[in-house]
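Following: one structure in structure tokens, then a few remarks.
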Amino acid sequence: MRSIIADSKRLVVKVGSSLVTNDGKGLDHAAIGRWAAQIAALRAQGKEVVLVSSGAIAEGMQRLGWSKRPREIDELQAAAAVGQMGLAQVYESRFTEHGIRTAQILLTHADLADRERYLNARSTLLTLLRLGVVPIINENDTVVTDEIKFGDNDTLGALVANLIEGDALIILTDQSGLFTADPRKDPNATLVGEANAGAPELEAMAGGAGSSLGRGGMLTKILAAKRAAHSGANTVIASGREADVLVRLAAGEAIGTQLIARTARMAARKQWMADHLQVRGHVVIDAGAVEKLTAGGKSLLPIGVIDVQGAFARGEVIACVGPDGREVARGLTNYSSAETKLIHRKPSGEIEIVLGYMLEPELIHRDNLVLV
């Protein structure tokens, strides 16, 4: 089996906290130097690389003299602010040794949820790549709250892959890849060499939580691969403890687990909608509506809505949930939650009678709806 990275030109590389820190006690300068050297080697092969790196909070804890990760959000944000300075400095220093310029980009979900800011971020990243700069991306932990967190840098890496239409996402961790079961508990567990991104059985294999330093377990990596597949990006989950892992992957060596994007590439606008992590509300739809959306490619009409949950405004992203509670689609709503509560279960011809006006005959037009 040949590594999919060999034939990939535009890469997003995500490096976890444990691979850039000294067991959480500040940054490991030597390790960061090795990552810079490997990325420089990939660049010399003509590959474009965007780096998503953890480590800011761990570095901030070290600089502030804290031995345990704080629980209070304001202290975490303070640690991130202090540590981000060191993280950027070390990366800049190490890449300069190879004649490569770096750029620091801090993102929040709000940056990508707003269409204009999303396009601006995309334009900036593509310009940096064109200029031969290596963008180094992290979540802007200083300003985010639990409500608007990406949740982990695996998810952020997938969103960046979609944003720049990357060919592949490489998630480097302290694990060898995805196993059929937890190898610490099951001696018969075997490494999954290759599978389809988004295959339902993968999520069952990937139970478990992450380390105390980071937030992402194997499940977040599997879900990130599924999300990256929206733009056609393949994913490799591999151990960052492997010597020269990036160089070897680029040479075609199969390391870890590679998850192939088999689904059709989404149109850019629909991909943006699918990548919304926080939807503003939910509508429960009947089985007939589920069938029309998933098999017929139809719009969602008010008559197919059973229940309305949450508060949302016109133009916001809402999720469509089937009778079994499973999300089947999401899209931009033509009506607010208050309006939807009045017109649900009604044929479109009665919208004007109920509301006194009709904005659109559909609750969500098929052009503004994406299956998930």
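Note that Cβ sites are derived from N, Cα and C of the backbone, with glycine treated the same way.
Residues or ranges marked as ATP binding site by Swiss-Prot: K14, T173, D174. Residues or ranges marked as substrate binding site in Swiss-Prot (evidence: sequence analysis): S54, D141, N153. Summarising the annotation, Swiss-Prot assigns domain 'PUA' to 280-358.
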Compare the Cα of D141 (substrate binding site) against each of the binding-site residues K14, T173, D174 and report the nearest.
K14
Calculate the distance in Å between the alpha carbons (Cα) of S54 (substrate binding site) and K14 (ATP binding site), and round it to a whole number.
8
How many Å lie between the Cα of N153 (substrate binding site) and the Cα of T173 (ATP binding site)?
11
Under DSSP, is D174 (ATP binding site) part of a helix or a strand, or is it coil?
coil
Among the binding-site residues D141, D174, which residue has its Cβ surrounded by the fewest other Cβ atoms within 10 Å?
D174
Secondary structure tally of the domain 'PUA' (280-358) (DSSP, helix then strand then coil):
26 helix, 22 strand, 31 coil
